[in-house]
Amino acid sequence: MPVKSNAQSPVGSTGGPGILPERPAIVVLTGAGISKESGLATFRDADGTWNRVRIEDVATPEAFETDPLMVQSFYNARRAQLADVHPNAAHIALAELERRFPGEVLLVTQNVDDLHERAGSRALIHMHGELKKARCLNCGAVLSWPGDLTPDSPCDRCRRLGQLRPHIVWFGEVPLEMDRIQTALEHCRLFVSIGTSGTVYPAAGFVWTAGQAGARTVEINLEPGNGASLFDEAFYGPATRVVPEFLARLDLTAI
Ligand code: BJW
């Protein structure tokens with residue numbers, strides 16, 4: 001699958017360059033498992049999204065070129081679902097960590113939902129994009145887009161019709177903010193991975209980068225992920241229980 005660059009697209013993060021720390025002591029990576037108990041499906045569990053729809057039909061640039069209406073409908077439904085779900089105890093515990101820790105924390109999420117920001121996290125990167133944004137293929141604008149997107153929606157900036165796509169990183173596209181994430185991983189002292197199967201790269205390789213740089217690496221998941229052997233420590237169980245417990249026990253003065 002050829003890799004396409006998202007270079008045209010500006011910052012994919014919530015916090016913005018002023019808020020995002022360059023060399024945080026703690027980097028947290030989250031995946032779909034953290035939002036599962038809020039009511040959002042994961043991808044690869046038995047009841048996951050990829051057992052319901054084919055990746056090739058909805059999550060590649062080729063799918064969008066072939067059938068934009070089908071792809072827009074898939075993302076419209078998932079965007080609409082965000083109105084019915086709420087941040088859970090794991091999202092809230094991570095937002096509290098950011099407030100409580102005297103140093104800097106960077107939260108990198110693979111999730112395209114908005115539950116981390118609704119819980120109060122600010123230093124946040126959405127490396128696979130955001131459901132509530134659209135991107136213009138003509139002018140590159142990244143627009144806030146809370147409602148449905150149609151194949152002929154006009155761009156708010158250049159006014160061209162039919163050029164907007166979901167601001168989502170599909171297979172074969174380069175995730176957002178990779179330089180910033182790489183620098184953070186190379187300088188952090190604690191790396192915590194939560195609710196991800198460790199299947200999709202480059203996120204699946206972050207534990208290796210952080211470990212090579214000397215960070216303590218911790219996996220929190222329902223069950224061991226694909227990269228389980230790469231972590232120094234692991235805590236298994238539902239995120240709403242294990243994440244608050246782990247963070248409550250963490251000695252913040254020792255990081
Ligand atoms: C709980 C829980 C509870 C449940 N509590 N836990 C061979 C061919 C072609 C491509 C490739 C290839 N080999 C590698 C590639 C690259 C490809 C890739 O990795 N493919 C693999 C599948 C093999 N990657 C890419 O194409 C990426 N781009 C890229 O690599 O560019 C090159 C480049 C990179 C860097 C620099 C320069 C160049 C892009 C990947 C885009 C991924 N997009 C998606 C969909 C878009 C968003 C959307 O529609 O929502 O992102 S795929 C999907 O997977 C989504 C997720 O973010 C991502 C990760 O999934 P996640 O979060 O791990 O979910 P699950 O379901 O897998 O796991 C959930 C976990 O939670 C499980 O472990 C459960 O146990 C656990 N859990 N309940 C705690 N209550």
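Even glycines carry a Cβ here, placed using N, Cα and C.
TrEMBL has this to say about the protein:
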| type | residues | note |
| --- | --- | --- |
| DOMAIN | 1-253 | domain 'Deacetylase sirtuin-type' |
| BINDING | 31-50, 110-113, 195-197, 221-223, A239 | NAD(+) binding site |
| BINDING | Y75, R78 | substrate binding site |
| ACT_SITE | H128 | active site, proton acceptor |
| BINDING | C136, C139, C155, C158 | Zn(2+) binding site |
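When the recorded positions Y75, H128, C136, C139, C155 are compared by Cα distance to G31 (NAD(+) binding site), the shortest distance belongs to H128. For the pair G39 (NAD(+) binding site) and R78 (substrate binding site), the Cα-Cα distance reads 12 Å.
The two recorded residues H128 (active site, proton acceptor) and F43 (NAD(+) binding site) have their Cα atoms spaced 14 Å from each other. Shown are the recorded positions R78, H128; of these, the residue with the fewest other Cβ atoms within 10 Å is R78. Nearest neighbour of L222 (NAD(+) binding site) by Cα distance, taken over the binding-site residues R78, C139, C158: R78. Counting other CB atoms no more than 10 Å from each candidate's CB, the binding-site residues C155, L222 peak at C155.
Taking only the Cα positions, the spacing between S35 (NAD(+) binding site) and R78 (substrate binding site) is 13 angstrom. Rounded to a whole value, the Cα-Cα separation of G195 (NAD(+) binding site) and C158 (Zn(2+) binding site) is 39 Å. Among the binding-site residues D47, Q110, C158, the residues whose Cβ sits under 6 Å from any atom of ligand 1 are Q110.
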